[in-house]
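Feature list (source: TrEMBL):
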- 7-146: domain 'Potassium channel inwardly rectifying transmembrane' (DOMAIN)
- 153-265: domain 'Inward rectifier potassium channel C-terminal' (DOMAIN)
- 41-64: transmembrane segment (TRANSMEM)
- 118-141: transmembrane segment (TRANSMEM)
Amino acid sequence: RRRQRYVEKDGKCNVQHGNVRETYRYLTDIFTTLVDLKWRFSLLVFILAYAVTWLFFGLIWWFIAYSRGDLDHLEDHTWTPCVNNLNGFISAFLFSIETETTIGYGHRVITDQCPEGIVLLLLQAILGSMVNAFMVGCMFVKISQPNKRAETLVFSSHAVVSLRDERLCLMFRVGDLRDSHIVEASIRAKLIRSKQTQEGEFIPLDQTDLSVGFDTGDDRLFLVSPLIISHEIDERSPFWDVSRQQMEKDDFEIVVILEGMVEAT
């Protein structure tokens, strides 16, 4: 029968947070919040961040031209406007895009007779650099997340309990399909099952460490070929007093966590 898993095979945790009242905490770390968003929302925020700043500064450029009277002297060649060839909101919006993206077509250019325009130009250049750094950094982190890299990390379909060097061991295999190695790879295992303490407290999702070589250093992997990961069932193991029949009936889950740095990135 299919059981509801705590962690799916693809690494997705089946945990949903409910009754979260202090939602403002997500906004205190807005960068991580944007990285954690789904792709469609991240792209929407990416587009809005640029569109809103372009529209905002375009409106200010148009307001400066309107307040100085530049729009009333479009045909007056003796008049020195704040921005040459700015004749309405659309052209102000295009000038805002050219300024923030540093395109610089040369048709619309600011003059030296407009101090408020020079200040606005500096502000838009600084703010545009901040928006670029923030949004491009967010997209880079989101693209470089290890979700897709994990697709080429393959675990054996089944774990087995067998004798190895005359010791009972829980074993499974892990391998990497890519040629680029994972540097400083380490592995650990967690046993997740319900537990009742001696005082009668019921813990629904208790986590217990399964030793996979922490004492001997075998948990640090040189993952260039498939490796067999072994957990020795001794006195310190949570499976020490569990029989084969009880293990087949018990409801538990073993979560294996492999960590490391990708050599290529």
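Every residue gets a Cβ built from N, Cα and C, even glycine.
No curator has checked TrEMBL annotations; they are predicted automatically.
According to DSSP, the secondary structure content of the domain 'Potassium channel inwardly rectifying transmembrane' (7-146) in residues is 86 helix, 4 strand, 50 coil. Counting residues of the domain 'Inward rectifier potassium channel C-terminal' (153-265) by DSSP class, helix then strand then coil, yields 6 helix, 61 strand, 46 coil.
A mean pLDDT of 89 is what the model gives for the domain 'Inward rectifier potassium channel C-terminal' (153-265).
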